[in-house]
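Notes to accompany the following structure.
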Amino acid sequence: MHLVRWLICLIQLWIQLGAAGSVTLLDPLLIEIPNGKLRGRDNGHYYSYEAIPYAEPPTGELRFEVPKPYKQQWTNTFDATQPPVLCMQWNQFINGTNKLLGVEDCLTVSVYRPKNSSRNNFPVVANLHGGAFMFGGPSQYGHENIMREGSVILVTIGYRLGPLGFVSTGDADLSGNFGLKDQRLALLWIKQNIASFGGEPENILVVGHSAGGASVHLQMLREDFSKVAKAAISFSGNALDPWVIQQGLRGRTFELGRIVGCGQASDSVTLKKCLKSKPASEIVSAVQSFLVFSYVPFTPFGPAIESPDAPEAFITQHPIDIIKSGKFAQVPWAVTYTTEDGGYNAALLLEKQASSGRELILDLNDRWFDWAPYLLFYRDSMTTIKDMDDYSRKLRQEYLGDRRFSVESYWDVQRMFTDLLFKNSVTVSVDLHRKYGKSPVYAFVYDNPAEVGVGQILSGRNDVYFGTVHGDDVFLIFNVSFVPANRRPDEQIISRNFIKMLEYFALSTNDTMAYGDCVFQNNVGSKHMQLLSITRDGCENKQLNCFIQRCLIFF
């Protein structure tokens, strides 16, 4: 009799925890979703369920097409214990001449759930990885830091990159933005399935860094984004950055065809058919033909404005026009930058060349007018060579005056890169959203240099001060392999505050956002633009204004 009562209580407990697909105490590693059952891994303080397909493989006839939802039914339990593969890419961080990595069949999500006996369900953070739309992957931004805090479920997403994800002829036949469409389908998958993992589908926060941050903003510019997410954060990247929306992409796409043996194609239909017949490795390896030097320009293939008659077009207007129309998702959004974000792009100029021992920055004295349009992404936006040269001349005068390019003037070059590639667009996007949007818009700037950052890594220099460069903030949230894991005490505090900020934003019932003891100021309806300044000493709300090329903070 006692045994029967015990079994009844156990069954009732199982039902309360969510028998219909939710994580249960009976076997938290075994999850059931519409495709069948999958088994994850116990990692000590968290569970992982990795490389779960959300789309049919984008290969063969599905290459350069809108992704199709994954429909296969598993007869056996799916093994979700293997890490996700990289989408095929030409990766700038690989040493040597062959930088090809990854595979074409890569459209998966990975779910990481903390062990936490005090709660059964968790808010969800969905992360879109960065990498200039050209490289990177879901494992690039590690999950250990977030799992250690034990307060949110993390979902990472693989999406098509480079030419496989972003070729476009600008018409309906080869419209482009396949990587963005992958992201969109993955977010729908999360919304529909995350409850089975113990996630709260009503509390999904979408975040991204660099190209991932720009992707978040682009996703948000679709009105239906509010159906898949509650809020969003763009770290050091937004849709208005000059490297995001590609101009001249039609010409590069046909040039790509010529390089891989499709030079006979004179229209989009013929080109697309030919490209589908070529090995993916040849298409991706052709990226190197579009680089002027090193990894410049770092985004030869990226998001494009599509033709209105394109099938399932992602965006058909420039982001500025979309924001001004007010027809975008009205969800709370935060956009950020670091004080020296441009160090990621400028640091390569300090690398000493193997052949001469000279820094590349010295060559700018003779090649500024040739290289600047590619370094700062205005090559395709200028009507004439004269316009381009005039702008290049103006930039040099504004930031360097009459000084020469040298190691001594590097700091001002880096400041130029920060302003033009990251900082100015934050001010413009916040201003536009506060004028034409209804939901809260927040901003913050991070100023606390890491001991080792991408500046030192990309330049190979430890004798130069780079300041707070690209990633110094977000790498305190997501651990990365190329940055030392040991952190200063102040960074450990900031890391916990950042992760708590994500949880708070995902759970907020009144759309507010906070970091530590500081509450972000909503810019919608405010007289002045506000941003939160975060340093090793704490946080403080400040006023933000912008004059021509430079954004100044008034205390």
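Cβ atoms are placed via backbone N, Cα and C, with glycine included.
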Of the candidates CYS9, CYS87, the one sharing a disulfide with CYS106 in Swiss-Prot: CYS87
Residue among the recorded positions ASN116, SER210, ASN510 whose Cβ has the most other Cβ atoms within 10 Å: SER210
Residue with minimal Cβ packing [other Cβ atoms within 10 Å] among the disulfide-bonded residues CYS87, CYS539: CYS539
Secondary structure of CYS274 (disulfide bond) (DSSP, helix/strand/coil): helix
Winner by Cβ contact number (other Cβ atoms within 10 Å) across the glycosylation sites ASN95, ASN479: ASN479
Coarse DSSP state, helix versus strand versus coil, of CYS539 (disulfide bond): strand
Nearest of the recorded positions (ASN95, CYS106, SER210, ASN510, CYS518) to CYS262 (disulfide bond) - Cα to Cα: CYS106
Cα separation, CYS518 (disulfide bond) to ASN95 (N-linked glycosylation site) (Å, whole number): 42
Rounded to the nearest Å - Cα separation of CYS274 (disulfide bond) and CYS539 (disulfide bond): 55
